[in-house]
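According to TrEMBL, the features are:
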SIGNAL    1-30  signal peptide
TRANSMEM  40-58  transmembrane segment
TRANSMEM  70-91  transmembrane segment
TRANSMEM  103-124  transmembrane segment
TRANSMEM  136-157  transmembrane segment
TRANSMEM  169-190  transmembrane segment
TRANSMEM  202-223  transmembrane segment
TRANSMEM  235-256  transmembrane segment
TRANSMEM  268-291  transmembrane segment
TRANSMEM  297-322  transmembrane segment
Amino acid sequence: MRLLERMRKEWFMIGIVLVIAAAKLEPSVGVNGGPLKPEITVSYIAVATIFFNSGLSLKTEELTSALVHIKLHLFIQIFTLAFFPATIWLFLQLLSITPINEWLLKGLQTVGCMPPPVSSAVILTKAVGGNEAAAIFNSAFGSFLGIVITPLLLLLFLGSSSSVPFTSIFSQLFMTVVAPLIVGQIVRRYIKDWLERKKPPFGAISSSVLLMIIYTTFCDTFSNPNIDLDKFSLVLILFIIFSIQLSFMLLTFIFSTRNNSGFTPADTVAIIFCSTHKSLTLGIPMLKIVFAGHEHLSLISVPLLIYHPAQILLGSVLVPTIKSWMVSRQKKAQPRPLANSPPEGPGDLSVLFDY
């Protein structure tokens, strides 16, 4: 019973393994020109569906309520979309002399260029009890910025690898990302009450479509006999990704807890997760657009596919530790109660993952 419950909770991770295995067994089904016609169903319909779904689910009022924390937003966005990719680029200059597969290294650079996710950073911030409004704003605002900035960063760092002209990339981005997102927001205004009442499974819908995109991406890989992924490179990339995650989480913690930072402990929690998490839901479709037709697209996608579960795993493991730190800092900041005043209770710390 526990196994089934666990499988239901981790269905997306299991789905990634299954679609990659299915692509390996019969890659001809999902290649360009194959029965699924991914050049139409994935490149346009699937990607547009994900971003229309995002537009429907995004609560505009929650973004506007968090607008006042300008310093916090600047810190997160600059770290995510400037410091992160630039640091990865410098790191990769050292790794380029190693025998690690060059396309996996390029994939690491694409991870650095990605915007924050709309879900995991918010969920973990909420689990800790941090500044949830700030997490929601920066995840959503970062996704909007990422629509423009991420392709620019990909072209800046990996421009020579792309076979798609600059204008084609942005015209397709507008048609499949920007326009569906705007339409989703407009439709939301008219059916807002119904959405609040019914609470459609937006996350499950986007994740299901994303599995189709991952499947067709790996069909292209396995149908190409010239691509060979060595296990040594894969193990090293796995280790590097966990090291990057932990290092950047520690770095954001140090920066945001300095005496003159002006951030509260709850702000620090949002900063740690929003600054270091990267979006798979936005990332894979963007890679599909920017590197359309590239024979090594799936290898470039591998680090992002690894980074996604790594950030959730590390974040989940660290929730109790971060929460304990935040609660202790908040208690120190509170004024001492008077002698005749009743002591304050410890608060509800029982359920960490009730979301």
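Yeah, the Cβs are placed from backbone N, Cα and C, and that goes for glycine too.
Relative to the transmembrane segment (297-322), the listed stretch 202-223 leads the set 40-58, 70-91, 136-157, 202-223 in CB pairs under 8 A. For the transmembrane segment (40-58), the list of distant contacts is 118, 140, 143, 172, 175-188, 195, 200, 202, 205-206, 209-210, 212-213, 216, 281, 285, 288-289, 292: same-chain residues at least six beyond its ends, Cβ to Cβ under 8 Å. Put simply, of 70-91, 136-157, 202-223, 235-256, the stretch with the most CB pairs closer than 8 A to the transmembrane segment (169-190) is 136-157. Residues 75, 79, 84, 88, 91, 95, 98, 100, 104, 107-108, 111, 263, 267-268, 271-272, 275-276, 302-303, 306-307, 310-311, 314, 318 of the same chain lie 6+ residues outside the transmembrane segment (235-256) yet bring a C-beta within less than 8 angstroms of a C-beta in it.
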